[in-house]
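Trainee: According to TrEMBL:
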BINDING   R28, E85, K124, K452  (6S)-5-formyl-5,6,7,8-tetrahydrofolate binding site
BINDING   230-235, 249-255, 274-277, 359-361  GTP binding site
BINDING   S234, T255  Mg(2+) binding site
DOMAIN    220-378  domain 'TrmE-type G'
Amino acid sequence: MPSPAARPTDTIAAIATAPGRGGIGVVRVSGPALGEFARALSGRAPRPRLASFARFLDARGEAIDEGLLLYFAAPASFTGEDVIELQGHGGPVVMQMLLARCLELGARLAEPGEFTRRAFLNGKLDLAQAEGVADLIEASTVAAARSAVRSLSGRFSEEIHRIRDGLIDLRMLVEATLDFPEEEIDFLEQARALPRLDALRRKLEGVLDRARQGALLRSGLNVVLAGAPNVGKSSLLNQLAGEDRAIVTDIAGTTRDALRETIQIEGIPLHIIDTAGLRETSDAVERIGIERTRQELQRADVVLKLVDASRAGEQAGGADVDLDLPAGVECITVLNKIDLCGLQPARIEGEAGLALRLSARQGEGVDLLRAELLRVAGWHAHGEDVILARERHLAALRAALTHVHEAAEVLPALELFAEELRLAGEALGEITGEFTADDLLGVIFSRFCIGK
């Protein structure tokens, strides 16, 4: 949450570009009446919405740097306040000098996400759009970036508003019926309450489904490669990554520590974790690696248990390795090294569960594995309609859907029906920030970059 000293009417400043050296660096300032502030920095009054060349001056009138000065007068700015951007040379020393000059002139250092928070408080963005800013910055795949832009542009919010407006309209009809009982209006028939409620339910279910898909784009899946030593875990990591990321030898126990590589399948980030082979050993270093393997298995979303298909009937094949997985973690047996025993790639379902036959070294059957990982993730392409949802969005959508279901159950008790509609609308309002506690806002914006 903002510190007690942070007031929405004071002037804030921060370096808005990434740390390090670059061709351009930007210092951003937001606050009330920044015309004189800009004059003190550049020696002249700025013209709104016009990029002009300026020398940025210190307190003695000497140049700190030169570049472009942009001035956006309130309310036509990102934050809804006066905003100044100083675009100078991107050296860290120069940027710190410009920032220090802004602080000398009365600004204070902005807190993480404070520019975007002010945009939200001033009605320039709703909460879902504000989170879209952070999601766009943090996007790790092209699909996630595109979905974040859609949230930033307000498409997610528009869908939420349409459903919420439908709930409000339906509730107004109910309350009108309750307020004027003498009219003896058959509300359920004339307002077509149940068909309208069912249509809203279907829309909510569709949004929730696309939001679940978007949650995959945000966080991805942790996929742990596990099994006995020398069954091809590192070879499979390299094959999935498309490059040699792990050392591969015929010596058992080569991998001593977890090696992570993030790949993309249809835009979903998959965090592939190669682990030390599981076996009894007297090697102290290898035992530490095995303990870390056990820890990774506890955090896994999916486990690929590799078995050497060419030695599957032997102990060295690794089929008897006990992974001791937590409940709910899906495990796929991967019968690797089929190129050594003349088998063909295949997907096999049996009493022991799902198994895939493939060759990590030759790449045969790896396409089956990719498809299976998408299935386990629950991914089905929605094209441009995926919503890059956060867990709080999913929780709010689930709550709204529960209240819609409850509304259908309590009919014909109109008072209870209206109350369930109200609760469903409030749950949706949490997504856009219309019903959101201040402490939650503090948590959300504290995760932003400084300068954003």
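Glycine is treated like the rest: Cβ placed from N, Cα and C.
Show me how these features fit into the shown structure, please.
Mentor: Cβ neighbour count for R28 ((6S)-5-formyl-5,6,7,8-tetrahydrofolate binding site): 24 (other Cβ atoms within 10 Å of its Cβ, all protein chains included). According to DSSP, R28 ((6S)-5-formyl-5,6,7,8-tetrahydrofolate binding site) is assigned to a strand segment.
A 10 Å cutoff on Cβ-Cβ distances gives S234 (Mg(2+) binding site) a total of 24 other Cβ atoms nearby, all chains included.
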Trainee: If I take the Cα of N230 (GTP binding site) as reference, which of the binding-site residues R28, E85, K124 has the closest Cα?
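Mentor: Going through R28, E85, K124 one by one, the closest to N230 (GTP binding site) is R28.
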Trainee: I'd like to know the mean pLDDT over the domain 'TrmE-type G' (220-378).
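Mentor: A mean pLDDT of 79 is what the predicted model shows over the domain 'TrmE-type G' (220-378).
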Trainee: What three-state secondary structure does DSSP assign to E85 ((6S)-5-formyl-5,6,7,8-tetrahydrofolate binding site)?
Mentor: strand
Trainee: Which of K124, K233 has the fewest nearby Cβ atoms, counting only those within 10 Å, among these binding-site residues?
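Mentor: Ranked by other Cβ atoms within 10 Å, the binding-site residues K124, K233 bottom out at K124.
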